[in-house]
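Student: Got these off Swiss-Prot a minute ago, pasting:
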ACT_SITE  GLU95  active site, proton acceptor
DOMAIN    101-339  domain 'Radical SAM core'
DISULFID  CYS108-CYS344  disulfide bond
BINDING   CYS115, CYS119, CYS122  [4Fe-4S] cluster binding site
BINDING   GLY169, GLU170, SER201, SER223, LEU224, HIS225, ASN301  S-adenosyl-L-methionine binding site
Amino acid sequence: MTEQKKINLLDLNREGMRELFASFGEKPFRSDQVMKWIYHFGVDNFDDMSNVNKKLKEKLKAECEIVAPEISVRQQAKDGTIKYALVLEGGQEVEAVWIPEKERATLCVSSQVGCALECTFCSTAQQGFNRNLKVSEIIGQVWRVAKDIGLDGHSEKRPVTNVVMMGMGEPLLNVKNVVPAMELMLDDWGFGLSKRRVTLSTSGVVPALDLLKEKIDVALAISLHAPDNALRDILVPVNKKYPIEEFLAACRRYIDGSKANKDVTVEYVMLNGINDSTDQAHALVQTLKGTPCKVNLIPFNPFPGNEYTRSSNSRIDRFSKVLQAAGITCIVRRPRGDDIDAACGQLAGDVVDRTKRLAKKKMRDDNAIAVNIHQA
């Protein structure tokens, strides 16, 4: 007879926790007490929950567990940024990045093992795709890193003040698990972050963005990276299915009903000679007309096997000035953690690729070499 798998409490939002505790014959406040121990004090041992009665502790120990991904590698950059490799059930790894600043500490978390969207300038996309992360594996990144930095429930300084869903994967291809995880980030019995301090970034899965609007209100960022469909089709292939005009219309629908968003943050990676000319800056101004937004220009962060190069500071400056002259708030993002491959677009993890993307690429490359040799 196989042993029944225990319920991981990190997989449950407040509603799920209260339903579970009701099935134990317990009142909602008992569920809230346990959530406070987990998320405010970083406790994962039921015996350490001093205001939980012995009978309930025994029930919890018999049927439940609190299990987050484990840290396998912790790398600290010169600027204080820390990149974590976190081991999942089954042995695969995802990466999360903690970015300290004077008044806040932002954690970039992953939503999938790998990514299926194949954006050409992103290291994660080159790893292929394996699976969606569970709720416990998403919120568990926040829990594990906060605990590593110093989550104890006593310090006034929070180890994590902001969370951005900008790590490995496309969050809107995992709405089922991303939404409950973000609910735990926002919940007062969870991490208690404000709506404006939790940001979801998407490459443009339009139907899922409309679905998100009905489920949760958080800050929205979009991976645009091109001023027109012709170029974006190449850089961000999901654009072939959901072109820019449809994507931006969905963004407007989302922020129209949002209290967390007055505008959308547009992310634009600066690729030398690809998308960084002043003509393209003017085209971007036209594309963004009618969409309340601010633009983050992101200097490209190189990774092995990629042929793109970073735009020069002068090209980025000229591009930025065109946007600013048109009245668009524009920020050039300073690379953080690039000396440990923790910057935007550099996260890779350890992915068993179910899409066989790497194998197919190698086969194409090998075939191209064979053709060249034959023609020589």
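Cβ coordinates are placed from backbone N, Cα and C, and glycine is handled just like the others.
Quick one: where do these features end up spatially?
Tutor: Within 10 Å of the C-beta atom of GLU95 (active site, proton acceptor) sit 25 other C-beta atoms, taking all shown protein chains into account.
Annotation note: CYS108 (disulfide bond) sits in a strand segment as assigned by DSSP.
Counting Cβ atoms from all protein chains shown, CYS115 ([4Fe-4S] cluster binding site) has 28 others lying within 10 Å of its own Cβ.
There are 21 other CB atoms within 10 A of the CB of SER201 (S-adenosyl-L-methionine binding site), with all protein chains counted. In the three-state DSSP assignment, the secondary structure recorded for SER201 (S-adenosyl-L-methionine binding site) is strand.
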Student: Restricting to the same chain and to sequence separations of six or more, state which residues have a Cβ under 8 Å from that of HIS225 (S-adenosyl-L-methionine binding site).
Tutor: CYS119, PHE121, ARG232, LEU235, VAL236, GLU267, TYR268, VAL269, LEU271, ASN275
Student: Counting every protein chain present, what is the number of Cβ atoms, excluding its own, within 10 Å of the Cβ of ASN301 (S-adenosyl-L-methionine binding site)?
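Tutor: Other Cβ atoms found within 10 Å: 23.
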Student: Give me the Cα-Cα distance between LEU224 (S-adenosyl-L-methionine binding site) and GLU95 (active site, proton acceptor), rounded to a whole Å.
Tutor: 23
Student: Hey, of GLU95, CYS108, CYS115, CYS122, which of those recorded positions are within 10 Å of ASN301 (S-adenosyl-L-methionine binding site), Cα to Cα?
Tutor: CYS122
Student: Sorry to bug you, but what's the C-alpha spacing from SER223 (S-adenosyl-L-methionine binding site) to CYS115 ([4Fe-4S] cluster binding site), rounded to the closest Å?
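Tutor: Pair distance, Cα basis, whole Å: 14 Å.
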Student: Can you figure out which of GLU95, CYS108, CYS122 (the recorded positions) comes closest in space to SER201 (S-adenosyl-L-methionine binding site), comparing Cα atoms?
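Tutor: For SER201 (S-adenosyl-L-methionine binding site), the spatially nearest of the recorded positions is CYS108.
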